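These features come from Swiss-Prot:
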| type | residues | note |
| --- | --- | --- |
| CARBOHYD | ASN62 | N-linked glycosylation site |
| CARBOHYD | ASN86 | N-linked glycosylation site |
| CARBOHYD | ASN190 | N-linked glycosylation site |
| SIGNAL | 1-23 | signal peptide |
Amino acid sequence: MPTYALLGATGATGSAILRCLLASPPPDLDLNILVRSKQKLLKSFPTLTTTISPRIHIIQGNSTDTIALQQCLEDASVAFMCVADNASNKGVSLTADTVTAIVTTLGMLRKLHGSAYNAPTILQLRSASLNPKLSCQVPRLVYNIVSFCLHYSHLDIVKACEHYEAAAAKGLLSYIYVDPPTIHDAFGPNRTGHKLISCKPDVCDKQETALSYADLGAGFVEIASRKEDFLNQPVGVTATGKAKETWGVLAGFLFDGAKGRARAWWEEERPMSKPQNLFLYCVMVSLAAVVLVQYTGTMNR
């Protein structure tokens, strides 16, 4: 009787995973769901209160609350880690803070269960931008733009990954990094097909530039069912059909990230006058606007 844990089920990724599990649940599955707002979850998924398969257990609490995490992770063989912050601002740490709390909680569970403790496999949403074997397929200009704009979000994820790897070395958990390309059509239910990309070869299979959240959710569920194939390594997800592309939303995230970089620069103490800093701020934001056009244009070719 497997138990899965889903951390964050009201965002686009967590919702997509939940829809997939509800549509085709593994046999005899228990599903523990940790959310900040049970009311918000049930508004999106009203049938959860009457769902028989899988068996649903909803835990309301913060992702850094070890008591809530213990309830969610108890007996879990797989945990889908979907807690993240879309804002790429200096100091963002939600993902790393959550992973720190997860590691602390697993340490508590191992102490509680002793030799009967079974280390779960954590599936962490990452990004193809952080996977050299996948990011090398992206034009360098586009890669540099994305890395610049999402710098602080990427730092948060990198720190989280360092926590995973240290915990895995101690036998507390195994991890799998799930690396999609650009993700589109948040909360859209329609799947068009996906394929997993092994990152073991020196040269990976081609990754398409656009993937729907629905197909990403299905990819997560497939990885969970094949976790032994990908333990402690990254795996790419790519589309096999035509995703509904929502470049305007992604451009907004990149633009906000560029503003976050400029804001951090503005706030640093530098031997520049305010007019000079204001000029630099305007240049950076204008550059971000120009390169976003280049980014979306390149991706649509």
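Backbone N, Cα and C atoms are what each Cβ position is placed from, and that goes for glycine too.
Feature map: annotations from Swiss-Prot on the structure.
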residue: ASN62; record: N-linked glycosylation site; DSSP class: coil
residue: ASN86; record: N-linked glycosylation site; DSSP class: coil
residue: ASN190; record: N-linked glycosylation site; DSSP class: coil
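Between the glycosylation sites ASN62, ASN86, ASN62 has the most other Cβ atoms inside 10 Å of its own Cβ, all protein chains included.
The CA atom of ASN190 (N-linked glycosylation site) is located 23 Å away from the CA atom of ASN86 (N-linked glycosylation site). Taking the C-alpha positions, the distance from ASN86 (N-linked glycosylation site) to ASN62 (N-linked glycosylation site) comes to 17 Å. Every protein chain shown contributes to the tally, and the Cβ of ASN190 (N-linked glycosylation site) ends up with 11 other Cβ atoms within 10 Å.
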